[in-house]
Amino acid sequence: MTVFEGNTVAAAIAAGLKQLHRTRDQVEVEVIAEAKKGFLGLGKHPAQVRLTVVPASAAPATTPTSATATAQQSVATESTTAPTMPRPTVQTPKSTPTRQAKTSQATTSAAKPATSKAKAVAKPASMAVTTGPVIADTDQSKPATTSKTKSVAADQSQTPRTPAEIAARQAANETAVRALCDYLLAVVKELGVTADLDVDFGNRYATLNFDTTKQGLLIGKHGRTINALQDLAQVYMNHHGASHVNVVLDVDDYRERRAATLKRLAESTAREVIATGKQVFLDPMPSFERKLIHAELANNHHVTTFSEGRDPHRAVVVAIRK
């Protein structure tokens, strides 16, 4: 049994099926938690599902006897409920064996299409037999898909189309970034750090580089302080209507040096897993750092990576590829 996560229940199931190399009818699904959007980016957590691979012997099989019985029952139901047309009564002196044979043959030929039709109807019914948890999860995945479609439609409706709308959106984003800079400088000042900000601003991104003599205090242990400030900055932009702008905070090229460190960590961890045959849990990381680990080992044919846990304690696991 393995726990998988995703933005929706359906996305979590899809990620699990891809990881396990299984189809939907080969696993049992148990929904552990629904996805929550949170408030202003706080309290948000993904949907969680637990997938259990169903043994091959447990798969339901439809026997020929049961299919034949179902077909015969369907034929009997059709013959009972079908309206009968009145037929004229013809008096004959004697029924010959030839006529009886023809009547019996006609009855048999008429029953064959009905029987085959009943079998054709019964076959999809037997294929639709699945375990209880999977059916329940399918019902829950429909509202998630609908809400995702509505969200995409809402984003498309809010996307500026005319040059005037694009210019207005750009001006609003610049205003939000300026306000964010003032807010961040006030926050770090309370930490005892005097700094300036260099801004690299685009249509959907904003990179803010702190210029200060107290880089270590602003970065924190393993980058925890700068990462917390970055999360706070993203929440600030979301609150000011610029959620589509991705904010990155940097100081003294820390992000570049951290990326190089993570790549070396991924390579050394992969060598350790290959040598020992045991999976290794890395320290908890933010999502953008976990993506660097996944990307670095994606082309390694000996190990595989996946994430476990919930933010902020979600961590990458490196294991032997099966």
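Quick reminder: no glycine exception, Cβ is built from N, Cα and C everywhere.
Here the structure is a predicted model, which means the values were calculated and not measured.
Copied over from Swiss-Prot:
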type: COMPBIAS; residues: 58-82; note: compositional bias 'Low complexity'
type: COMPBIAS; residues: 100-129; note: compositional bias 'Low complexity'
type: DOMAIN; residues: 174-251; note: domain 'KH'
type: DOMAIN; residues: 256-322; note: domain 'R3H'
type: REGION; residues: 3-52; note: region 'Jag_N domain'
type: REGION; residues: 58-162; note: region 'Disordered'
Q) Across the region 'Jag_N domain' (3-52), what is the average pLDDT of the model, as a whole number? A) 79
Q) For the region 'Jag_N domain' (3-52), what does DSSP give as the number of helix, strand and coil residues? A) 15 helix, 21 strand, 14 coil
